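Copied over from TrEMBL:
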type	residues	note
ACT_SITE	Asp160	active site, proton acceptor
BINDING	Lys62, Lys63, Lys162, Ser163, Ala164	ATP binding site
DOMAIN	35-303	domain 'Protein kinase'
Amino acid sequence: MWFCAKCQLCLLDFHNFCFHDLESVTNNFDERPESAGGNKLGEGGFGIVFKGYINGRNVAVKKLAAVVDVSAQDLKQQFDQEIEIMAKCKHENLVELLGFSSDGAQPCLVYEYMPNGSLLDRLACLDGTPPISWNTRCEIAQGTASGINFLHDNNHIHRDIKSANILLTETYVPKISDFGLARASVTFTRTIMTDRVVGTAAYMAPEALRGEITPKSDIFSFGVVLLEVITGLPPVDENREPQLLLSIKDEIEDEEATIEDYVDVKMSDWDAASVHKMYSLADQCLNEKKNRRPNIQMVHQYLQEIKT
């Protein structure tokens, strides 16, 4: 049984798909990239995501599997976690879970399809897509903050905020995805400790690397995303100096460079004032001391002011 007793009521909110039907709509889980005529949209530590077509609409089917060193118990927990959280958290800036499958060898989760893929890929102009304008980037940042704000208001910590988990609709409305690592907390303002450090290292706050779970870690991760929005650069690049994007903060503080030196050259509509404001916000989010970072309400409000 793939889901726990606690998730039984949550399952009533979603469609129960047959595994064989999902096999059919994804061309037998064709692992060739979509750009090469296959169905694969992407993959992560908990499985591969495929494009499918069900009842006249495109969908994204996540087939859970141990892509990295992940146990069967971890997979079950991820499956349960996503269903439980998605049943409670419905918001315009959170990706919508449509259904699930638990009758096959591997559990599957079925989501709304996001035609513009991830913010990470669009900033990189993958597959020849055009650059995102500065105005659109500001709207994406604001929408993402709105989604995080909703999660935090409902006592959920995402724990893996990154540009690869910010998906974009046809009109570039951002939707946060991947809630398998999210954690609910009744004592939300306090820090929880865990023996298992999870997340993506290039985005992780110092306390997260020590196993602390706190909403301020989401703020730190979002600060890295804001740097990506400004620069168009990935969070880590072994062929770049500095390798970690968040290290440009040190260069700017030491007056070895300015934020203008790092602004994405693919943008033509940016202005110095709003870039400086967003960088100032990113700098606050990336404070190594978690209690000195702004909360998500402050971040969201500041981004609204930048946009206006």
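Cβ from N, Cα, C; glycine included.
The structure, with features from TrEMBL marked on it.
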| residue | record | Cβ contacts under 8 Å, 6 or more apart |
| --- | --- | --- |
| Lys62 | ATP binding site | Phe46, Gly47, Ile48, Val49, Phe50, Cys108, Leu109, Val110, Tyr111 |
| Lys63 | ATP binding site | Leu22, Phe29, Gly47, Ile48, Val49, Phe50, Gln106, Pro107, Cys108 |
| Lys162 | ATP binding site | Leu120, Thr200, Ala202, Tyr203, Ser221, Val224, Val225, Pro235 |
| Ser163 | ATP binding site | Ser118, Leu119, Leu120, Leu123, Val225, Glu228, Pro235 |
| Ala164 | ATP binding site | Gly42, Gly44, Ser118, Leu119, Leu120, Asp121, Thr200 |
